[in-house]
Amino acid sequence: MPPKKQAQAGGSKKAEQKKKEKIIEDKTFGLKNKKGAKQQKFIKAVTHQVKFGQQNPRQVAQSEAEKKLKKDDKKKELQELNELFKPVVAAQKISKGADPKSVVCAFFKQGQCTKGDKCKFSHDLTLERKCEKRSVYIDARDEELEKDTMDNWDEKKLEEVVNKKHGEAEKKKPKTQIVCKHFLEAIENNKYGWFWVCPGGGDICMYRHALPPGFVLKKDKKKEEKEDEISLEDLIERERSALGPNVTKITLESFLAWKKRKRQEKIDKLEQDMERRKADFKAGKALVISGREVFEFRPELVNDDDEEADDTRYTQGTGGDEVDDSVSVNDIDLSLYIPRDVDETGITVASLERFSTYTSDKDENKLSEASGGRAENGERSDLEEDNEREGTENGAIDAVPVDENLFTGEDLDELEEELNTLDLEE
């Protein structure tokens with residue numbers, strides 16, 4: 001199969017480009033970071049020579065300009081197409097709780113809205129003009145009254161104004177400059193706006209819906225207080241800078257002396273206060289004193305109280321039918337916990353040698369010896385005890401002699417025959 005020419009050509013272009021970049025790197029090695037004009041000019045010439053060969057620089061610049069023009073033409077074409085065929089308008093998003101009728105429909109602006117009166121957004125383009133910020137220091141009704149002059153009235157309107165101004169209802173209605181509390185709450189809670197209606201009757205509300213001049217809201221007061229506050233570090237630096245250069249340097253000795261002096265001053269002040277209160281108490285000026293101060297000023301009252309106290313004890317009587325469930329209570333005697341010697345008369349006391357001596361074995365307890373066991377089974381023979389006593393008397397324990405001919409080969413053979421001929425049923 002013959003090779004693909006297009007693939008070869010594409011591959012050769014990439015390889016050629018890599019070769020050119022490699023040649024440029026080799027020839028300009030160590031010169032890229034040089035800031036001299038000659039080095040930069042040399043790098044530019046080498047790059048141009050390797051990439052474009054012996055082409056004229058004017059031709060290269062012309063080809064680049066043509067490429068740029070082509071890009072600009074493409075952009076212009078796209079703009080014309082967008083103007084002819086209007087793109088899809090993105091769906092509108094409004095904040096939670098906002099009235100959609102207060103927002104102009106984006107599709108209606110582009111002339112693409114097909115819903116008509118069913119559209120939840122407004123088709124009134126004049127709403128955008130009403131989006132200017134409303135002043136909370138001006139009542140809109142005052143402006144309407146200023147614009148509503150007598151030049152525009154007819155006879156019917158004039159009669160209506162006269163009745164309102166001089167009628168009985170107007171006379172009964174009190175005049176006030178008090179600001180509506182609902183109006184203030186709406187502003188404090190950021191609920192005031194174009195579509196806010198006063199709960200006190202809307203436009204019929206008798207109170208003013210405008211802040212008086214110089215009135216400051218609570219949220220603005222908090223902001224001002226926060227701005228006036230300074231941090232603890234700034235306060236310390238400010239106080240320290242106000243001391244000046246002529247101050248005593250703080251050392252351990254000076255600090256301890258200052259602390260001692262302050263403590264003494266505090267004690268002296270407390271003593272002076274106590275003397276003053278004592279003098280007031282004696283003169284009868286001190287009307288409110290604590291019980292502790294009474295006994296401090298007149299310590300003789302402590303003994304008088306003990307002597308003159310009424311020692312009569314009162315008991316609460318119980319009914320005849322009730323059962324006396326009295327519980328005897330014994331006080332704790334601390335002398336019981338004092339260690340002392342025990343009287344051993346008439347008491348059998350175990351000797352301390354019980355942990356080192358062993359009791360004599362009985363005949364019925366020698367099962368381990370009969371079965372060939374030794375001292376590790378918990379039993380000891382008389383021979384072992386005698387040998388142990390003799391060894392302890394001599395200062396050492398001798399080894400027990402072992403009879404090597406106790407079990408000979410003949411005895412073992414006889415024992416095996418007896419085991420084989422043993423009748424298990426019996």
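Just so it is clear, glycine is given a Cβ too, placed from its N, Cα and C backbone atoms.
According to Swiss-Prot, the compositional bias 'Low complexity' annotation covers 1-12.
Per Swiss-Prot, the feature region 'Disordered' maps to 1-30 (among others).
Here Swiss-Prot flags 13-29 (among others) as compositional bias 'Basic and acidic residues'. Beyond the compositional bias 'Basic and acidic residues' (13-29), the same-chain residues lying 6 or more positions past its ends with a Cβ under 8 Å from any Cβ of the stretch are 42-43, 46-47, 50-51.
According to Swiss-Prot, the compositional bias 'Polar residues' annotation covers 53-62.
With DSSP states grouped into helix (H, G, I), strand (E, B) and coil, the region 'Disordered' (53-74) comes out at 18 helix, 0 strand, 4 coil. Per Swiss-Prot, the feature region 'Disordered' maps to 53-74 (among others).
Sequence annotations record features per position, and here Swiss-Prot assigns coiled coil to 61-86 (among others). Among residues of the same chain six or more beyond the coiled coil (61-86), those with a C-beta under 8 A of the stretch's C-beta atoms are 110, 112.
For 64-74 (among others), the entry in Swiss-Prot reads compositional bias 'Basic and acidic residues'.
According to Swiss-Prot, the zinc finger annotation covers 99-126 (among others), on the basis of sequence analysis.
Summarising the annotation, Swiss-Prot assigns zinc finger to 174-212 (among others).
As annotated by Swiss-Prot, coiled coil applies to 218-285 (among others).
Per Swiss-Prot, the feature phosphoserine maps to S231 (among others); the stated evidence is a large-scale study or a structure entry. The DSSP secondary structure for S231 (phosphoserine) is coil. Residue density at S231 (phosphoserine): 8 other Cβ atoms are found within 10 A of its Cβ, drawing on all protein chains shown.
The region 'Disordered' annotation in Swiss-Prot covers 299-326 (among others).
The phosphoserine annotation in Swiss-Prot covers S351 (among others).
For 358-411 (among others), the entry in Swiss-Prot reads region 'Disordered'.
The annotation phosphoserine is assigned in Swiss-Prot to S360 (among others) on the grounds of a large-scale study or a structure entry.
The phosphoserine annotation in Swiss-Prot covers S381 (among others) and is backed by a large-scale study or a structure entry.
Counting residue by residue with DSSP, the compositional bias 'Basic and acidic residues' (13-29) contains 15 helix, 0 strand, 2 coil.
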